[in-house]
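Accompanying notes for the structure given below.
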Amino acid sequence: MNLSRLGILVIASAFAIVSACGGGGGGLAVLSPSLPIGGGSSGGIGGSGFTTSGTIDGTGSIFVNGVRFDVSGADIRIDGESAREEDLGPGMVVTVRGSLDDDDPGRGIAEEVDYERELVGPIDSIELSSDGNSMRLRILNRSVIAERVNTVFSGLRFSTIALDQVVEVSGFVDAQNRIRATRIALNPDFVAGQSEIKLQGTVAQLEGTEFQAGDRIVRAGNATLVNLPGGTLANGQQVEVTGTLTGNIITASQITLVGSLTDNLQNGDQLRIQGTITDFASRSNFRVRDIPVSAASADLQLAGDGLRAGLIVEIEGPWNGSVLDATSVKTRRGRIRAEARLSGIDAEARTLTLQFATGSITLTSDDRTLFTDDDEDFLSFGAIRTGAFISAEAVLNGNTMLATRVRREDDDDDEILQGPVERFVSGVSVTILGVTFDTTGADFETIDDEDVGSDVFYASISIGDLVRVEDEAPANGIADEVTFESALNLDGDIEFPEDDSDDDSQDVEGDPGEEDDEAESPEADDDPDVNDDDDEAESPEADDDLDPTDDAESPGDDNDDNDDNDDDDDDDDDDDVTVDE
C-alpha cells in the first residue's frame, strides 16, 4: 500500500456525567502531553492530521468509520493501559490515529488505538420498553439506553441484564444527556468498597479533598491527581473519577482532568467522528460530542427531514479554529426493522433475503455491517447461512435497504417488519416494503402504546407512516399487532425521557425479556412507572396522536465503497466476545 502520514491529533471518546457539558453532547478527553486520558496514557498532539473516532464495526483488523485499520503494529490502550488487539471488540467507541492509503481511503494502518470505558458501575434500576426492544438502565445515577438489536453485549445478553450487575458502557451521549449504549460488557460481581467504578462529573462543593460529583460524594485524599492545574482540585473542573463505591461515597484512587478538545486543535486538523447531534439551531450551527459544527457546505448523505437534534451521525471535515467545517455528514442508524428467516444469500452482491409468510425483502450489506449471533459473538458475512432466523436494522435509501446490524438468533421467533406504509386497505390490510399483512384480527396501538380500534387506526394512517407489524409464530401473514412508530426517534427515545422523576422508576429483577408486562404495569399503589405521566403529556387528541410524524424519515445511507469485507474466516469469533452463560 502507498501510505502517507496523516497527523498526530488524537481524540478520545469520553462522556460527561452531568448535563452541563455541551447540552448533553458529551465531554471529550484529549490525548496530549498536557492532558492525558485517565490511566496516564499520552500521545502527541499538533500538526495537521487525520483522526477517526467511532464504534468498532468489525474485527480481524478493525473497521472504524468506514476504514479498515491494520492494528498489528499499533499502540493499543484501554483506559490508558497497554492492551492487545484481541481486547478490542465490536461496539467499542475508539479513537484511531494513523495513516490512510492514498489510493484507497478505506484502508489504513493504525499507530494508536485508544478505548476509554465511559461508565463502569452496578445497575441500580431497569425499565423496559413496552415493545421489549429497549431498556433504560440507571448506573451511578446515569441513564443508559440499551437496545436489543443495536447494542453489543459482552458476557451477558439483553434478556439476562439484571440489577446489581457491574457493567462497563460505551456509547454516545444524546440531547437528553443519556448514554445510548453501543456496547455493554459484564464485569465481576459488585463488592462494596472493592469493585472498581468509573464516572465523569463536575467538581462541586469542594471542601478540602472531598467534593460532590453528581449525586455522589467523592473522597480524594489518597487519589492520584492527573493533569489538574497546580495539582489541585477546584470547583467547576470536569474530571474522570476512578475508585470504589460504598453507599453513596466514592473513594477515589485516581482523578483525571477531562480536557477540552478545542483547547488543543490546530487549524486544518482533519477529523472524522461519530456522535449525536445536540444543540441544533441550524445546518450551520450544532454540536456533535460537544464540538461546534457547521454543515453549511457539507455533502449530506441523509434521508427524510435531514439534520436534527438526536440524529446519530458521522461527520468529517477540517477544524478552522472555532468550528468543525464539515465536508460530509452521514448516518448509519435506520428505522427499518426486520425479523424473519433468511431464505437467500448472494455472496457477490452481499445481499440477504428475508422471507415473510406473504412476501420477502432484500437487504444489502457492506464492510461496516456488524454481524453477530445471539450470544453476541462477532460473525463474518460468510458465517451467515440460509435458514437462519435473523434480526436486522437497516437504513432506507430510495429502493435500497442497507443493513447496519444483523444478528443471527438461536431460535425462531415472531416475524416482525417495521417500515414505511406503501399502501393499505382500511380495516383489511397494510403493505410495508412490498409485504402485505392481513390486519382484520390485529390489535392496534398508537405511537404512545395506547390501544385503539381498527377504525381509529385506519382513520389516521397515511402513506409513508412508519408502522411495525408483528406476526406471531408460527407466522401466517395475519398480523397480530400493528403499531405506529416514530420515524424520528430511536428505540427508547420517547418512552425514557430524561427528567427529575427518573429516580422513581420501577426496578425490575430477573430476566427482563420475560417480565416486560410486569415491569411496565406496576400496581397503582406501588411505585408507578414515571412514563405513565409522560404518556399523558405526550398524548393529544386521538386524531392527532396516532400519526407519529407528517414526514416519515428513514436516516440515509452510507456510501463508503470499501470492497474489503471482513472475510477473515470465521475465526473472527475469537477476536471479541466470549459469553458467560
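Backbone N, Cα and C define each Cβ position, glycine as well.
What TrEMBL lists as domain 'DUF5666' is 56-103 (among others).
Residues or ranges marked as domain 'DUF5666' by TrEMBL: 121-184 (among others).
Feature annotation from TrEMBL assigns domain 'DUF5666' to 200-255 (among others).
Residues annotated as domain 'DUF5666' in TrEMBL: 345-406 (among others).
If you look up TrEMBL, you'll see 492-581 marked as region 'Disordered'.
Taking residue pairs at least 6 apart in sequence, the domain 'DUF5666' (345-406) and the domain 'DUF5666' (200-255) share fewer than three C-beta contacts under 8 angstroms. Under DSSP, the residues of the domain 'DUF5666' (56-103) split into helix, strand and coil as follows: 3 helix, 25 strand, 20 coil. Break the domain 'DUF5666' (121-184) down by DSSP state and the numbers are 3 helix, 37 strand, 24 coil.
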